[in-house]
Amino acid sequence: MYRMITHKRRNIIKMVGFLTVMWILGGYILYPTLKTIGMSFTGKQGFTLLFYKQFFVIKGNVEALGNTLVLGFSTVIVCGIIGTALAFYVSYFNFPFKDFTYKLLLTPLMLPGIIIVIAFIQLYGESGMITKTIEILFGLDRVPYVFSGFWGIIFVHAYTQYVYFFMNVSVAIKHIDYSVIEAAKNLGASKLKIFTTIIIPFITPAIIASSIITFMTGIGSFTAPSLIGDHYKVLTTQILLAKANNYMEMAAVQVILLMIVSIVFLEVFRYYEKKTHFTSSVNGVGIKPIDIENKWLRTLFMMLSTILVLFIILPVLTILILSFVKSGTWMIEIYPKEFSLDNYMKIFVKSRAFAPFMSSINMSILASLLGAFVAVPCSYIIVKTKCKFKFIVEVLAMLPWTMPASAIAINMINAFNKPTIFSFKGILVGTYIILPLAYFVKILPLILRTTSISLYNLSDTYDEASKSLGASWMYTFRRITLPIIMPGIMAGILLGFIRCVGEYTTSVYLYNVWNKPISMAMVNALFEYEIGLAMAYGVLIILLTAIVSSVITRLVNIGRIQL
Amino acid sequence: MVKLVLRDISKKFEDTTAVDYVDFSIDEGSFFTFLGPSGCGKTTLLRMIAGFIKPDTGRILLRNKDITHIPSENREIGMVFQNYALFPHLNVYENIAYGLKIKRITKKEIGNKVEKYLNLVRLEGYENRKITELSGGEQQRVALARSLVVEPKVLLLDEPLSNLDAKLRDKMRIEIRDLQKELGITTIFVTHDQTEALTMSDKIAVFNKGKCIQIGTPREIYAAPTNTFVATFVGETNLFEAEIIDDEAKLNNGIMMDIKKSSTGSYLSIRPQDIKISKEFKNMRNTFKGKVEKIQFNGVVVEYIVDVVRTKFKVSALNNIYIDTEINVGDEVSILIHKNTINVLNNA
């Protein structure tokens, strides 16, 4: 009898937990998406296709759709070439400061897009320092290039997203078993043959996986198109335009088309990913990098590395230097002359300037914790149970991955500009919580991935061993499962934090007086010509992400997870 | 005294039958081994006893109590896993104390018990070691201590020696058996290694394709296999198809052999060491002329392959002072087989 009761109680706990998770997934991911879909089909007289027709009538929309696709593929191609080339460069050759270069090459991943765009404007923009320097050096009377429009966006994308290719291909090259290459040589294969029949197949899955991420980021990119896009229209900027004109039905149609593009190409890429995937047999010896004997070649490589390093740290350096520029002292000169700690003082002394900094930190913590709170049970259900609904849980939790940030923002607006049961009868738009909720939706797939990896790595026998020693399910979860996967959870939380702390896109749509984040403060400062202040905010975000990423690296080592 | 009863247990995974109506019982305090090749269902059966898998049919009775539907944590059945499953975030002491902490006994009592079992597995002073700092053998002992300290009614061992190197395996074999005898705990041991099974067990159940095909003491299993599978899986043997006519057997190549009276079956099994090889030829029953085709020397024994009218006989002789070193490949020899050593079997 006693056993029956405890068994029942255990089931009730599980049930309540499951329903809570489903409530959150349903309320903040599914419901808002459905709301947007519904809105796109609902006119004054009920169901209509009018807004879809309108989409194709209004000038610029079709162009934006085409541009979005072009931008997506161009991003993949450009980043693919740069990232893969760099991966081969670092994996195949030995050169001085190689480890340092490798780590440095990974940094753009940790920098929020908004900071990079702003730094690039300061460097390569019309009155940017590099642009002006070139003008003076060569005595030009016009700007030598135009850092805006399609090429400007591609330039930013190349800088921010080659890292995916670089990282994944480097790992794939590391996993090429050198004995396979030796076997091929032994069988008489030429260098070209080895490259096409061994190396290419080995790195293809990595290239496709990276293509997926860069394509999705490319078509969903908003920061670069909105700040330097100029006349180059893409869907994300059209969505903001529609929203600004309060034409929410059109915004809904645009969001849905963007999501369709995203899901269709995701599935296409995934099809090829599965087709090319294979697991190599044994962990053999990796490829040994070659020392370059030729003196001239070595110098060339050195120069190449130096240029690379400079190019990568230049934006960060720019932000750092400009953060010390005294406001109002740098208007007409090319280079700033007066420096002070004023900007930092302003942030830490003036509560109005400090608020965005704290607000971003608070909202990021909130979103990441909520993310972990939902991701842990979800990944447990997906990885460790045979629950009938696990398919639904997985689809819902991963759904935001196919949603560009603009789509998430529009969905949230459509869902919570009226009272709902999910908002406990309140209107969330215009309140503090709306932005952290959107952040949470945005980072859930990321956290879910890390917690799932930890759980995959967790052998079922720990669970069984605990049970055979008399521990209940709850006790086992608390004392065994949770502590072992804790590094993975923490890494997930911190990764989520990094993604939120400089977030720009959803912030543009959802921020208000209660929760103005640091990214908005930066952009506002920029428009008010307080460049130094904007940069000081940037430095603070970079510092924060740098500290957090070093903690993540440590946690990843402890938890032995591969991210 | 009967302790654990398995009654008509079966389990299917999709289309494959993992365990096929197994029905036997295990005596209190005995060391009982499930022996069979991989995929024979022995581990599935063990996991059903542990409560990790629910059987499709049948019941499991422990000391006359039906435990089939009791969750694993309430069964009081301990288990040592193939990979030990030591909790990596806890040290040696915490691992062993884990099961005791659930039982709500005083800290002092926990301390005493952990110490007692640490001594039993000869790991005194290892309390604060991390799991990663232990060798394979030490991890094995911690796993043993952890499952024994809660004093389970039955101890399950799932191929616990398979991750150890050969020398350590021999040592742990003896250690585990001694510990089991000292504590008198009913133990079920799963292995695919016949040597482990033969040296450690009170009784062995041989499994093939989900069925338990023979149960007996190690000697019974070895000396009197009841079918061809057991004869070939446990130890080496010469297996011949034969036609049985009263107390004689006719092999496919036509040679006739005397066998024990009233044997039935269609196969003969003769252990290589039961065949005597000699250069002399005496005209006796069950003596056959043949030619040495191959000689393999492996230290303790010398193995000969002898061709008798196109049928190959494997013969082995202890490599000692009495061995006939004059036998070489290509020599004419005679082999002698005592009829009592010939087992007549059915196919399995």
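Any Cβ shown, glycine's included, is placed from N, Cα and C.
Please treat TrEMBL annotations as automatic predictions, because they have not gone through curation.
Feature annotation from TrEMBL assigns domain 'ABC transmembrane type-1' to A:65-269 (among others).
Sequence annotations record features per position, and here TrEMBL assigns domain 'ABC transmembrane type-1' to A:357-552 (among others).
Same-chain residues lying 6 or more positions outside the transmembrane segment (A:12-31) and placing a CB less than 8 Å from one of its CB atoms are 370, 374, 377-378, 381, 387, 389, 393, 396-397, 399-400, 415, 420-422, 437, 440-441, 444, 473-474. The transmembrane segment annotation in TrEMBL covers A:12-31 (among others).
What TrEMBL records for A:69-92 (among others) is transmembrane segment.
Marked as transmembrane segment by TrEMBL: A:104-125 (among others).
The transmembrane segment annotation in TrEMBL covers A:145-173 (among others).
Taken from TrEMBL, the feature transmembrane segment covers A:194-216 (among others).
What TrEMBL records for A:251-269 (among others) is transmembrane segment. Same-chain residues lying 6+ beyond the ends of the transmembrane segment (A:251-269) with a Cβ under 8 Å from its Cβ atoms: 36-37, 39-40, 51-52, 54-55, 61, 65, 68-69, 72, 208, 211-212, 215-216, 219-220, 235-236, 238-239, 242-243, 402-404, 406-407, 410-411, 414.
According to TrEMBL, the transmembrane segment annotation covers A:300-325 (among others).
Marked as transmembrane segment by TrEMBL: A:361-383 (among others).
If you look at the transmembrane segment (A:395-416), the same-chain residues 6 or more away from its ends with a CB under 8 A from one of its CBs are 25-26, 29-33, 35-36, 39, 216, 219-220, 222, 235-236, 239-240, 243, 248, 251-252, 255, 258-259, 262-263, 266, 374-375, 378, 382, 422-423, 427-429, 434, 437-438, 441-442, 444-445, 448, 503, 505-506, 508-510. Taken from TrEMBL, the feature transmembrane segment applies to A:395-416 (among others).
A Cβ distance under 8 Å defines the sequence-distant neighbours of the transmembrane segment (A:422-441), meaning residues of its chain 6+ beyond its ends; these are 23, 26-29, 31-32, 363-364, 366-367, 370-371, 374, 400, 403, 408-409, 412-413, 415-416, 499-500, 503, 506-507, 509-512, 514-515, 517. Summarising the annotation, TrEMBL assigns transmembrane segment to A:422-441 (among others).
According to TrEMBL, the feature transmembrane segment maps to A:484-511 (among others). Beyond the ends of the transmembrane segment (A:484-511), by six or more residues, the same chain brings 110-115, 222-223, 226, 236, 240, 243, 360-361, 363-365, 367-369, 371-372, 375-376, 404-406, 408-410, 412-413, 429, 434-435, 438-439, 442-443, 446-451, 453-455, 458, 462, 517-520, 523, 541, 544-545, 548-549, 551-552, 555-556, 558-559, 561, 563 to within a C-beta distance below 8 angstroms of the stretch.
The transmembrane segment annotation in TrEMBL covers A:531-556 (among others).
Here the transmembrane segment (A:145-173) does not touch the transmembrane segment (A:361-383). Their Cβ atoms form fewer than 3 pairs under 8 Å, with each pair 6 or more residues apart.
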